[in-house]
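Worksheet: the structure to be examined is printed underneath.
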Amino acid sequence: MSWQAYVYEHLMCEIESHHLSSAAILGHDGTVWAQSTAFPQFKPEEITGIMKDFDEPGHLAPTGMFVAGAKYMVIQGEPGAVIRGKKGAGGITIKKTGQALVVGIYDEPMTPGQCNMVVERLGDYLLEQGQ
């Protein structure tokens, strides 16, 4: 299965008649492996900050996490594995695998829990596959 197929079939899928606003699979260096059409362009310093938070959990908490210049308040995640952010009625979930970052961005009516489930399920699968 191609990376693009993972994005559309596993991340942009319908969940209780809702779906993510956008999603992507990125390399740890921020290189886009696959993305949905509306996915925002990360800036290099944003990827650096995200990777640092995976290495040093809590790094982004004081300043927030920025994605394409938009600020997200960092909320409870899983240290070293998952970063979650909230912005208004929406948010973001980022799951780190051995080689990739699985990213999902949502807005209401999708819930944070639905976004977490979709992103983390694919991330866990990729980890099992050695990715």
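Placement of Cβ uses the backbone N, Cα and C atoms for every residue, glycine included.
The annotation disulfide bond is assigned in Swiss-Prot to Cys13-Cys115 on the grounds of a curator's inference. Listed in sequence order, the residues of the same chain lying 6 or more apart from Cys115 (disulfide bond) and placing their CB within less than 8 Å of its CB are Leu20, Gly91, Ile92, Thr93, Gly104, Ile105, Tyr106. In the three-state DSSP classification, Cys115 (disulfide bond) falls within a helix.
Look at Swiss-Prot and you will find Thr111 tagged as phosphothreonine. Cβ neighbours of Thr111 (phosphothreonine) (same chain, under 8 Å, six or more residues apart in sequence): none.
Helix, strand and coil content of the motif 'Involved in PIP2 interaction' (81-97), in residues and according to DSSP, is 0 helix, 13 strand, 4 coil. The annotation motif 'Involved in PIP2 interaction' is assigned in Swiss-Prot to 81-97.
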Nonlocal residues around Cys13 (disulfide bond), in sequence order (Cβ under 8 Å, 6 or more apart): His19, Val118
